[in-house]
Each structure stands twice: as C-alpha cells, then as structure tokens.
C-alpha cells in the first residue's frame, strides 16, 4: 500500500490520521525540558556587583561557577524548583542590567553511566586478593590462551607507578574509606557538587546504585600489597572523586566538575554522557565548553588538563558516538573497549573521534573487569566503556610520571604513536597517509603502557597548535532520498597566515548545518586530500528527529599526521529506513572545516630515533673561538643533529639536536635546554618569556611558571605580580602567591591571618570567635589560656597573643628576654610588651629597619647602624671593621671576628657551641650533629632536647628545685620515692609510701605500720574483733558485737559474735524495731509495718490498718479502720461499707436494703421527714428539733434545716475553723489541705502554718511561692505595682518589667538612664568611661577626655589612629602617628627610613627643603634659596640672586635687606613700602613682609583671604586643605568651614559622612545618626540604612530592632529583619520552605504553608466543611477577601508585605505625589513604598533659589522640545514596553548591521545567543536586534510586556547575552 492510500482517511478520520502521524513523529523530538530555579549569569565587576544585582532581583548568589571567571551561580527561592516552563517574572528583568552580559536558566540534563549490567543474580562478591585473576594487566599461568596485554607490568618494571600524579573520577562519588582507596585518597582532588561540600562519599541505598565512581577509582589507583582486593594500574597515584551524577545534572554542575582544582588535578576521568539510545544528539553546554577550553589552556600550570572519556555503550541501539559532544571534542581522549579475545563488544559504538581502546567485558560469558566496589567490597563484574576510560587514565598517569611536562596535546600524540592494532578484530583497519593504522571501532588501537612511558621519557613538546577555519561556499544543496550530496572544498591550510597555518593535521572538525525530516536516515563521510575516508555519522534506526543538525561539530582523528592542503570531500547520504514524507527533502545548508595541527613536523629527532647518551655543555654564552673561513672538517658540536655541521666551527650546525638559541649578535647556537627566561617554542626555538617570568610555557604574561626576584607567581592566573591579592600570601621561599586559610581575609602564611572575614576576629594569627581576655575559642566554647598568656588564640604557651607581666611576645611565644636577632619594641601600643624581628640585614639590632643594626652577620660591616657588604675572605678568615681579611682564632674553622667566641663553623675535632669551638659541650647542653644544643629548661644535664631526656636536675629559672625521675625533672619525686642530695629520685624501702631515705620510712602503705625500732614497714596483723585504723598504723576494736569489720569503718560489721544478730552491716543483741530475728540475722518487716515476725505483721504505722497480717491504707468493702486499735474491723452484717461497727454506722448497704440515717433498713421501714424508725419500740419517732432528718436516734441528724449545716451528725449554725458551709451538700466541708480558714472550696482566707515550708495566700489559694506579678508579705501574695512583671519584698521592688519598660535598680522605667543600655530588659551600665553604649561591653560614645577604639574607651588613641570627636580613626597607611586621615596628616612615619614633610611621608626630602634632625622633618628653605642646609643657610640660590658669606641669597651684596638690585639702571633701589625683602619695586614682588603683615604668594597683606590661614612660623598665608573654605591650619582636620559640596564633622570636611553620621544639606554638617543606626539618612529612629551590632534593620520602616517583630525573621548575614514568606505567619528563614505557622486559608505541611483552596481562591468558614471564594482581581493567590489580602501577585506587580497589597513599580517619570507604588530601583524581591521626604523648613535660601531656577529651565526646555516636535511633522505613537517588529527588516538590517558582534566566549552550535548593541548607560534609545528568522525587533529599556506582545517574543533559546 502506498503512502497516500495509508494516510488519507475519509471525512473526519482524515484529521485524526494526520494528528496521529504528527504525534508519532514529534514525540521523540518534543522531549519535555525541565527548568530548575538555578541560573548561570555572566557579570562584569566581580563579587560585589554580582551580589548587588542578585539582591536587587531576588536571587541568591551561590558563588563563582568553578574556575570560570565572572560566571556566577544564582538561585531564586520563589520560583518553581522544577518546571516544564521557563521562569517568567519580575526577576527576569535582570537581563536588562547593564553589567549582565549573559544569563541562562539551568535545564536538567540526562547523563548515563557507561557500564552495562548483565544480570544482578550472576554478581558474586569476593574478599580474596584478585591479582591472579586480573587478566587485562598480566598473563598468568592459568590464563590460556593469553593475548597480547597492555604491557602494564613493563611500565612498572621501569619504575613508574603513578607517583605524584593526581586523577579525579567525575561520577556519583567514591568510597574514600575503602581499604584499597584510603591510602591514595586525595581530599584536594575531591568534592561533592551535588551536596555542595567537600566529601565525595556516595549515597548508599539497598540497590547500591551509586557504585559506579568507586569501581572506576579502583581501576586507576587501588593500593598494592594490602591483601584486600585488587591492584590499580597506577597504584601509587593520588585518587579523588567529584560527586556530580547523583542529582540534577545541569550545565553549571558539569562546568564545576570539569574545572575543579585544575592546578592540582592532572587527569579527569569520566565514564558517562548523554543517553546512548540511538536518537539523542547532545553535548557540553556553554559553561562546560568554556571549562574545557580553560582546562587545556591553563590547567596543570599551562600544560593543560587531561580529560579521558568513555566512548559510549549504544552499540545495540545503533548509536554513533559522533552525536555525543563530549567524546566528539578535541579536548577529550575518547576511549573505546575490546573484549579479551580482541572481538568487538556488543555495546561498542563506532565513530571517527575514538582515539584508542583498552580492555573491558565482551559477551556475557567473557571475562570482566575486577575492581573495588561499595561497602568496602570487590567485584569481578565491572563492564562497558565505563571500565575502559579509567584504565586509560591509569596508563596516562604512568606516562605523566615518566614525563610530568607532557602537555595535553603531547599525551594524545604519545597515545597515537604507541597504540597498536595487535589482535583487535575489525574489518575497517586502514593505514592513513602518515603511516598510522586506524579504525572507527578502536581508534589507533590498544594502549601500550610500557611503550607510552618509554616514549614519554624522550619526548619533546610538540609545536604550538594552529587552528585554521576554512569556510566553504554557503550554497544550499538538496539531499535526495537514496542518493548522496557531495561537496568538494580545496583547502590551503591557511597558508597565507603564518599564525594559523596548518600543515600537519591532528584533529579535523566539520561544522555542519542540515535540515531533514528524519535525522536517523543520514550518513556523513569526509575524505581527506590524502584519500583517508572517515565516517562522521552512520544511520541511526531510532532517531526520528526532524531537527537535523544545527552547527553541530563532527570530529575525526583518522587524518592524524597527514597534510592539510588539498581537496576535502564531504558526502551526505540519505537512506530512508521507513516510510516518510518525501515532499520535504533534506538540505545541506552550510558546512565548514576546522583544521587543528602544526605548521611544522611535530616530531623532533629525539622522538623519531632511539635515545643515545651524549655529553652536553652549556652553549648559552657567545662562542669565543676565532674560526677561519676555510671548510670545516673536524667533529661537530654534540648538540648538532645527525646531519652534522658545515663550519667554519664545530657549533655551526646544519640542524640542532634539541634547541636553537639566538645570541645578541644574531647568531644561532644549539643548546640542550633553553636558558632561564626562555621557553621551548615551536621549530626547536628558545623564545623569551614575559619580562617578569623566570621560566614559562609561553610568551604571554599569564604563562609564567616561576618569577624573577621581586615578583611572585599567582598560581591561579600564572602571572607574576609584585603583591599577592587579598586571600593569598607571599611564599618567599618559592616566590608563590599561596591561598590563605578560608577564614582569613589577608594573611602572611596559610594559618597566619592578619585580617579576618566578616563575623570572625583575629586571635593572634588565627581567625576565630571572640572570647574575653585570658580565654580562647576551642571550636565549642571559650577556654582559659596558658598561664604565660594575657590573651591567646589557642591552648598551650605557643598559642599566646599577648603575654602576662614579665614576659615578652616573640614570634607567637612568650619569652623572658628577647632572643638574638630580635629587639624590644618600646611602643607597647596595647599595653603588652613584645620582641620584634630585626631587619634581615642585621645580626642584632635595637630597633626596626635596616638602619638600627648593632651587629652584622659574617661578611658584613656595621656602618652608621647599617650592615654593608665587606670583603670576601677565605675559610679561616673574617672581615675586620676596616673591610680587610684577618685570620680567625685557632680553634675556629670559620669565624666572624677575632675571638674564640666568633666562630661560625668548627674543625672536625671540635664541637660548635654558640660561637665557640669546644672539645666538649657544657653540662647543660648536649651534642647533636657536631653542635651543642641546650637541654630542656627543666634539665640540668641531658642527652636530648626533650623534657624526657634529662640526666640530672637542679633549680629552674625561678629557683624551684627539680628532681630526676625516669629522664624527667619534676617538681617533686613520685609516691614511693625520695630525693637524694643530687636531686635524683630513688625508690623507698619495700611497702613504704613516703620516706626520707632508703632506711627511714615515714608512711607505710595500707596494711603496714612503721616499726619503732628500725623505721621500716612491717605488716600489720590485727586479732579477731580488730581492724587497722585507716589514719593510724594501729589496730582498733570493731564495734560491739562485731567479729569482723571493714577497714574503712570499724562500725561496719562483716560478721557478728555469738549471741548477736546482723542487720544492715551492724550487730545487735536484739533485733531493732521493724525487724525480726531469723537464725543469726535480723530481717526487715514489710513496708508500713511497725512490728512483725516471720508469720506476718502485728501492728502498723500511723495511717495504716492491719488486715490479715498486712498493712493497708484502706480496709476495703465490709471493713472499717479502727483508729484506736489500728486494725481493720468488720462492719455490721447489713452494711456494705461502714465507718464503725454499729448498725447505724453504715455508709452503703447490702443488696435489698436501703440506707436511712446510717442504718440499712428494709424499704418498709423508711420514715417521714423529721422522724426515725425506732427498732426497740418498732415505730417511728420524731427527730430532735435541730435535725431535718435523723437515723437511729433523735439526735443523730442526717440532714439539717435551712441555715444549719451538718457536722458530725449534728446540725450547727456556723462551721468551725478549717471547714466551710456548703450550700450544695448542706454540710460543713473541709478546706483544702494547705488552707487553715476558708469560705469555699477555692476561697481560702488564711493558709496553714508549716515550719520550714511557708505558704502564701493568693486569690483564694495557698502557694509555696507567689506566682509571677506578686510578692509575699505576711503570708499573703500582694500584687506588684505596674509596670513590674515580677517583684520581691514590696510592690515597687521590681525584678523584671512588662513589655515596653526596662529594669533599673529595682524600678521599671520607659528608658535606661544615661550611660546605661537595656540588655534583655535590664539596664546594664556601659563600660568604663563610656557615655553611650549599645551593649554592656560595646561602647558607642565616650565621656569627654576619652576616645572610642574597638568598642571601648581609652585615654588616648593607639598608634596608627588619631582622635576625632572622641573617636579613634585610622591614620593613612603611611603614618605611624597622625593628626588626620589623609596622607599629609602624618606626624610620624611608618618606616623609620622615611622623612616627614608637610605631613607627608617621603623617602627623601624634596627639592627646596632641608632635613632637620631634631624634629626628623623636612623644612622649607628660604624663598631666596634654591637648595639649603638649614633655615638660614642656602647652598644654592634662586636665579638672579647671589650668595653672601653668611649663606644668604641676595640680589647684590651691596644692597641692604630692604633694597633690590636694579639691572636696568644698575644700583640698589628700595623695596615697595609693603615689602621687607623683595625682588623688584612692585608690591607683588615681596619676598618677606614687615611685622603685622603676612606674605600671600609675593604680596604682603594684613589678613589672609578665604582658603588661606596665617602661618605664624613662616609669617605667610598658607593654603588651607583642599576641603576647607576657611581654616586654622593646613590639615584636613583644621577647617572652620567647608567648601560647597563638603560636609563638616567637627573641624573636618568630608565629601561623604562617616559611618554613624548623615549629611544634613540644610546645615552642611554631618549629624549623628540615631544610636541604633550604623548608617542613616536622618536623625530619627526610622531613618536607618544599616544597623549597629546587636541590632537588625527593618528595611520597610528604616528601623533598627534588637529582635525582629512578628512576621519577620533574623537574617544574620545581612543583619536585617527579613519578611517571612507571605503565606507564613511565623518562620525561621527565607522562602516558602521555612514556615513555623501559617496565615488564614493555609495549613502547615513539612515547613510549607499549603493553601486550603485552589489557586486564586481563599477559605471561608471554620471546621472541616468550608467554602472557597475567588481572590481579588489584583491577587494571583490570597488569604482573604479584598485587595489587601494577597499572598502572590501577577508578574507585573510587586507584593507590599505589610498590607499584603499588589502594587506597580514606580515609573521614573511619576511625580512623588502620584498613587502608591513600589520603589524597584534596588530590589524587586520586596515592595518598598516610594516616599516623598519633607524638606526642612530651615533650608538655605540658595537651595530654594536653585529649585526655582531649575524649574524655569525645565519649562523653557519643555517648550523648546514641543516646538521642535511639531516641526517634525507626524507625531510618533507611544511605544509599548517590550519588543516590536520593524516595518521593513531588509532596510533595517543594513543600518544596524554594525551594531552586532559575534560571541568570543562560546561557539553557537547548540544555543543561539542574542546580544544587544553597545550603549551608554544613560542612553534611553530603542535597542534593535535580529531574531533567528531574520526579523528585526526594537527593544525598549523600561516597562513590562503587555500580554498581546509576549507572543511576538516567544523563542526556544535558553540563553541570552547582553553587551551594554
């Protein structure tokens, strides 16, 4: 049946058929994308800018993406975590930000581990060593037949086991605790990207799903010889793991993984990729591609990271690994698999990008790979290409150990040259034109480990890689079914461009775009100019996609080594595999060639020929031999290659064996290696490194490997810098910038911090939590410091920061005096003394710097405090003070002076001891390595440096004696030892605990006593009934009746004498109470029994009754308790229960009887009210008049008339004390147990008196303690007076206060008094000398005469700070002491070598000044001097002046001081009357002025003008500081008033007010913020912009709170109160996942508030049955009716949290008085209402004038614009927000074409990226761009999209780029 007959259905079925067919075709194509709430963003400007933008649009900046600079990981908590629709909301306007260059919402990518599970039932776990069974690593005796293996043992025999090489497995984690992996595990090569931590341990489950990474790791680096399981190929390599497959795999996750620690990791092994389902086309997204590029360019210090990839397991699905962008990349080494037999495994894919192969499994019966497995086990069932890639990684590790300098391309070249076909079975083996045998199944063949290490040993780096892009014609060609399209392109290899010229090929990439109705029907081939044909794509049966290929890159390595130039032939075949619509043929739209390779032959002779040993010598110097011009016939230089030399000398080589080096005279010589400052370039040339590099791998500044002196290598950028960046320190030994500890902001060593990151404080050299002085933080709490430490950072004497009195801080330890090369620092700026290190040039010194030396090292001379290089003397000589060599003293081998104390080294026969050469070390030192070393300070003599190496002891530095015991000197001898006169501890006599000598014991051990005759210890033997006294060595009698007793207590018997009974460790003549005798012991009675025997109890304790030999509290039915007898007696036979034995004492009756007045009678005997039944008279008789009813007798009342109450069967008118009249029961009832007098059950009037347990009456009840809000007084709880919450003693003696009040000295007040602060509701006194504080230990302002520094008040500011408005402010970095913050405010310089001039610290005095030693400052010379030596002595004069004998410069020596020399009419002329000295007759030619006048430039004035002040020292008008309008001195802190635009704070003028102040425009001053504010915009508590410590900012109100109000939570990182999610009533953090309780219409479920109704509805009504009604139209979701109950707003609105109202963002053109709107400039995460601030009434008149003038100017400009617009003709319609199509795209394109530029960051093969033109930030013009289909759009910067406009912008691209 044809196509038409099958598809054309009649009628309505026609449409259904078409839809069914479309669905079937599109289903595989339209896979649902899953968008996450994570974004990748590229932002220029660093972390601060990224954080600002993230906060503005509601994102959280997780941090930089791996090693990708300027790429950040953003997370948005208020968007859906996983959605099939990309996120659209106000946060999407982040793309409009000028600094945002590119943004991409992350999409979940499916990645499959490339192992294959045959059958879980067949897996067997073994714990035995598996080496004999590891067939793929060696041929054992039981392996038959043994095929050619990978020669791994051969590499081992050559000494290579992977040592110092680091391999990381990118997978689902590795089990780092596995016994086979523990030894080689490398934490620096490991992290958990899925879990965002550093531990790569896999997630365990019942199925062991995450075993893959552990198996791969074992193949690489399982430890050898540990008797556990297997052996890794590189069993001495370091192994790490990156856990990244056990979660959502996104572009960011992959990029972070492949770029993890690239300077530490050498090889990355990955055994995963896109689905091997035969229909997927997928590869690295932009971030991962960038990470690959960065890895090969900068990883391994520029040598390039090595990426090893498994080729794929899609063989059964007819997959082709060219559709996998990871294995198809030039940056990865794609590894395939072969079975043991050499046959193709059934899972193997074919493709032209596979480089080589290793062993793995084949058929189910074939052997598989043995490796480590989860739960510390092993497996022999590892399969697939997953097993092959780690093998390759292990072999490459062996090669890198053999030659660590192999580049990433060198590794691929070595694999190409050493892999071999061997026994591998494939029908497509071919030999290319370069002589390499290659296959689509196995690449260049099976890897050979031994051959690789041998090749690596002699390898020379290949020339630089060239990239040639050959763009073919763009003519579209139609691909017909069952036919082929051929396109031929003649390539030149870019021969016209020497920087891109490719002659010898490596990788060849075809970049191709094809449209096709069924992608799986295509097959693509490429034929090289040499005739090598590569299959780039084979038919794929399951690929039904209609997408074709869009800029997809196919790669082949089959042309490796061939020439690039010539005809390249591309063939595209269309072979229909099933029926399809032939009306839509495929089209080859465009293709291009990208050729990678070198311009010269990549292999040097060293690589081509066997290595031979040759003698080398340096050839860097110029040749000095004078060669003649005749032909040279002698031997050539050893560095010439085998082609020899042609004269005239032996070094004139025809070709070099190793490298060419070009000398300064332009001649070339051959050298064995390039000299320092050069690198091995292409063509065997030595090229120069960048100027600062000592060694390098390229000529650029970011390709350094080591640096010249004075520079440090930044390991992250491979550049040489003079100063290391923040977060790193200078390693001066290795000239490196190394990273600081994670807590340091700056440091001098890894753990030696100098500045800490936020939230931590510097404790010595460590950053940790702050503790009070004398304590340190140990990670959990604050612990006391060592006794030497005043403050410390850790335990022990080495943890001191400052030392106690009598000790000095020296290099982190406390010493009693400064060591050699240290000096005592007199500054003591913090009150503690310290020893500072002398300058490196000094041996000893008395101060800092190189000018304070007091002695010098050997070979240097002391000159004016500086050590200068002396003469160079021979051994046995030294340099004397005149610089001459003199002979050392005879005992020295080398010395630094003439005496025997000046030795520096000794002869072999002598020992060096602190400058002396001695025959034996002094007694308090020991010899080690021919030097005397001091003993431990506790030893007098010793054999080593430790405290356990003493041989004798004496007194320590404090005069305390020490005693030797087992090599240690202790304060005293241990127990059982005594001290000899030689301070040695010897043992006491036997059984002696304390003694004076070996013969005299003073205390014996237990059980012994001192014999008075010989003072020895004799065993104490006590008689019967005696025991040893524990305090005295004697026998004491036991307690009476004891036969034996306890050593510790003679009263504790262990046995009793005859006639005594034992009970409770005592002996009794008769058994005590509550016991009875039984044989020789007393037995205790039962509980509550007073007397008993073995048969039972006789009587009971009070409150209990005897019943059948037992004691009971209640007797039970038929019995009552007889109080007198203490027994249970029987009731009357008629009673069920009773209170006595009588017939009328029943309380309940037997069945059939009725209770009547205490009697049980038959119903016939019931009486009338007021009468009772008389049994004797057998008739009714009247009750007593007081009874209402009675029983048995007239006076035994059972109820009473009204007004009377029943009490003990009598009626009383009032109840006695302890009872109360109950109207309900008509009887007197007992008060509660603790109550003495009451008027009701809970209406106590007086409590009982209980000695030792007082009770207090409160609101009718008795309490042992008065409740909160009351206090005890005379047995009554009285109420505290308001506003006390608790009080004591009296109503006003408060202990705590109600809300809104604070407690101060027992009184509740609204505010604390001055110099107090409220802490937890109690007023605490501020610290000493503190005027105002925010915490009891944190001062805010000091009292007069004191200054604030580090939150405390000091009498003076420490060095490096100056006093300003009672605050200590840091000086400029150049100043040691200063008077202000500027560089010209110094009073003392930081460096002692610097000089001071006009407050500036300079290296030397400037011209026109002289150095004054007394003040150590540079002073100005006289105006007439050009240079001078003092204030009145010129050394040279200004032009036109001459010097007189006194050193003064004058016009003419004949003229008087008030005259000048006239050159025109020679002679002396008088100065102007206003001048004292002058240069001419005019009044503006003065040099000095008379008294009461001041020199202003060259004019004398009475008063200085504005901007100047009178300098009385120089009698002139000097410039004020640039910030001052008027002043009293030159410094910035001597202003009287400020220039416009500056604000005055005290006497200082500032452009921006300091922290804690705000600028008041009306007064031009900096005014103090409210005490709770850190930064503010006004004086009120609601003007805060940031808060001080202990406060949190409520941004919506501008207030600082000690604790956040309801509906807010504390965000510690920003010190703010953040609003809970709109659905949360209370919460513990940001977002919808941290709720603690919910608002109405929501219920809590797992921290999330879930709506009770559908979206857009709210709940109405209580209980389980309720209704739901629609939300207000402005809300998307809500909690109630109306516009002010919203919980979620539409995309164009922002939720105002305080009133749950959805509002628009304010337009910049809206007037402040317009309707309510949100200020979205800073953030769209929360609505902050725009406020219109009222200007102060006191504003200057000039401000009002300015506003008026501005308004007039705006009106004039507005009028001009209107006139201009009218002249333009037709009015343009108002532009809608968003994008609109331009009318004529063809016309527009040319005008905007110049506005575009191509991306240089990513190749646009998978994702189309749109970029805007470059615009200035203030340019509001339309932005134009072109879409994929060529349509030109105009984009507007401001506003939101209308619903109608959105459709015009729909496109599928997931990334966007912007260049602003």
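Just so you know, glycine gets a Cβ as well, placed from its N, Cα and C.
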N-linked glycosylation site per Swiss-Prot (candidates: 802, 1230):
802
If Swiss-Prot is the reference, give me the range from 1787-1806, 1807-1826 marked as region 'AC 1'.
1807-1826
Feature transmembrane segment in Swiss-Prot, mapped to one of the ranges 1744-1764, 1765-1785, 1828-1848:
1744-1764
From 1014, 1786, pick the one Swiss-Prot annotates as N-linked glycosylation site?
1014
Candidates are 852, 1561; I want to know which one Swiss-Prot annotates as N-linked glycosylation site.
852
Output, ordered by sequence, the same-chain residues six or more apart from residue 752 (N-linked glycosylation site) with a CB under 8 Å from its CB, or 'none'.
729, 765
Residue 802 (N-linked glycosylation site) versus glycosylation sites 225, 1014, 1707 - nearest by Cα:
225
Taking every protein chain in this structure into account, which of the glycosylation sites 852, 1191 has the most other Cβ atoms within 10 Å of its Cβ?
1191
Could you give the Cα-Cα distance between residue 1014 (N-linked glycosylation site) and residue 1707 (N-linked glycosylation site), in whole Å?
109
What are the helix, strand and coil residue counts for the repeat 'FU 11' (1125-1168) according to DSSP?
3 helix, 18 strand, 23 coil
Return the residues near residue 225 (N-linked glycosylation site) by Cβ distance under 8 Å, restricted to its own chain and a separation of at least 6 in sequence.
none
Helix, strand, coil residue numbers for the repeat 'FU 12' (1177-1221) per DSSP?
0 helix, 18 strand, 27 coil
Assigned conformation of residue 802 (N-linked glycosylation site) - DSSP reduced to three states:
strand
May I ask which of the glycosylation sites 381, 852, 1497, 1685, 1707 is closest to residue 1290 (N-linked glycosylation site) if we compare their C-alpha atoms?
1685
Can you figure out which of 381, 1191, 1497 (the glycosylation sites) comes closest in space to residue 1707 (N-linked glycosylation site), comparing Cα atoms?
1497
Give me the count of other Cβ atoms within 10 A of the Cβ belonging to residue 381 (N-linked glycosylation site).
20
Sequence gap of 6 or more, C-beta under 8 Å: which same-chain residues meet both conditions with respect to residue 1497 (N-linked glycosylation site)?
1484
Cα-Cα separation of residue 1191 (N-linked glycosylation site) and residue 1685 (N-linked glycosylation site), in Å?
73
Near residue 1685 (N-linked glycosylation site), which residues of its chain come within a Cβ-Cβ distance under 8 Å, counting only those 6 or more away in sequence?
1658, 1671, 1672, 1675, 1678, 1679, 1700
Other CB atoms, at most 10 A from the CB of residue 1014 (N-linked glycosylation site):
12
Rounded distance in angstrom between the Cα atoms of residue 852 (N-linked glycosylation site) and residue 381 (N-linked glycosylation site):
74
Please list, for the repeat 'FU 13' (1225-1272), how many residues fall into helix, strand and coil according to DSSP.
0 helix, 21 strand, 27 coil
